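Asker: My structure is below; once you've seen it, I'll send some questions.
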Amino acid sequence: MNEGTDNTSVQVAIRLRPLIQHEISKGFQNILEVYSELNQVKLKNSDKAFSYNYVFDVNIEQEEFYTKSVQQMIQHLFKGYNVTILAYGQTGSGKTHSMGTAYNGKQNEGVIPRALNDIFLFVKDNFTYDFTVSVSFMELYQEVLYDLLSTKPREQCVVEIREDTKSIIIPGLTEQPVTSSLEALEYLIKGSQGRATSSTNMNAQSSRSHAIFTINISMQKK
């Protein structure tokens, strides 16, 4: 979401990934032409063009991708708004890479680790409010919802989605308080290690579930 009456609350970024060796060996080619300055992609040998809020070519680095398309939304968290970053695409399209849900403490951070760093930079430098931050992590696999931060065996980590009069709730979902980005990233790594994976034609270790990492922030004036 962005401020201003001319902007919508939903924005879309398209990020092209490079061809993998499996595709190159079979002679596959990219059928899209990218015009980043116009935020458009065009089908080669065609007049069909598609416009988005942001368009990134295969050479875009993680930092630039985050800075241009996501970072400005983090400030809205501290104005009381909910912010959701959703990655959508087919198996092997790079969702886990872009979001950073397979973060292992090394370089090449995705959206979530970078967002956590920005959140705690703001919290650290703000002297007007007291902040409480917590995280939760869950995955939807074969229509079953699992709590990835639970200390119980996986078969005992199933949680259910329920509705009350005002919102959707998930009773029993583990919510861990955190005081630093490093602490939050440790839970991201822990939860990522428990996700369901398997081999596909596109990826030797593909995430086979839908994962949701949630950061809850409470603010109170000092």
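From the backbone N, Cα and C atoms, a Cβ is placed for every residue, glycine too.
Because TrEMBL annotations are produced automatically, they should be read as predictions rather than curated entries.
Okay, so TrEMBL annotates it like this:
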type	residues	note
DOMAIN	9-222	domain 'Kinesin motor'
BINDING	Gly89, Gln90, Thr91, Gly92, Ser93, Gly94, Lys95, Thr96	ATP binding site
Asker: Including all protein chains displayed, how many Cβ atoms other than that of Ser93 (ATP binding site) lie within 10 Å of its Cβ?
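Answerer: Around the Cβ of Ser93 (ATP binding site), 16 other Cβ atoms lie within 10 Å.
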Asker: Would you mind checking how many other C-beta atoms are within 10 angstroms of the C-beta on Thr91 (ATP binding site)?
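Answerer: Other Cβ atoms within 10 Å of Thr91 (ATP binding site): 12.
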Asker: Where does the mean pLDDT land for the domain 'Kinesin motor' (9-222)?
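Answerer: Taking every residue in the domain 'Kinesin motor' (9-222) and averaging pLDDT yields 88.
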Asker: Let me know the most crowded of the binding-site residues, choosing from Gln90, Thr96 and counting other Cβ atoms within 10 Å.
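Answerer: By the 10 Å Cβ neighbour count, Thr96 comes out on top.
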Asker: Are there any residues in the same chain, six or more apart in sequence, whose C-beta is under 8 angstroms from the C-beta of Gly94 (ATP binding site), and if so which?
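Answerer: Long-range Cβ contacts: Arg15, Arg17.
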Asker: Measure the Cβ-based neighbour count of Lys95 (ATP binding site), defined as the other Cβ atoms within 10 Å of its Cβ.
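Answerer: Around Lys95 (ATP binding site), other Cβ atoms within 10 Å: 21.
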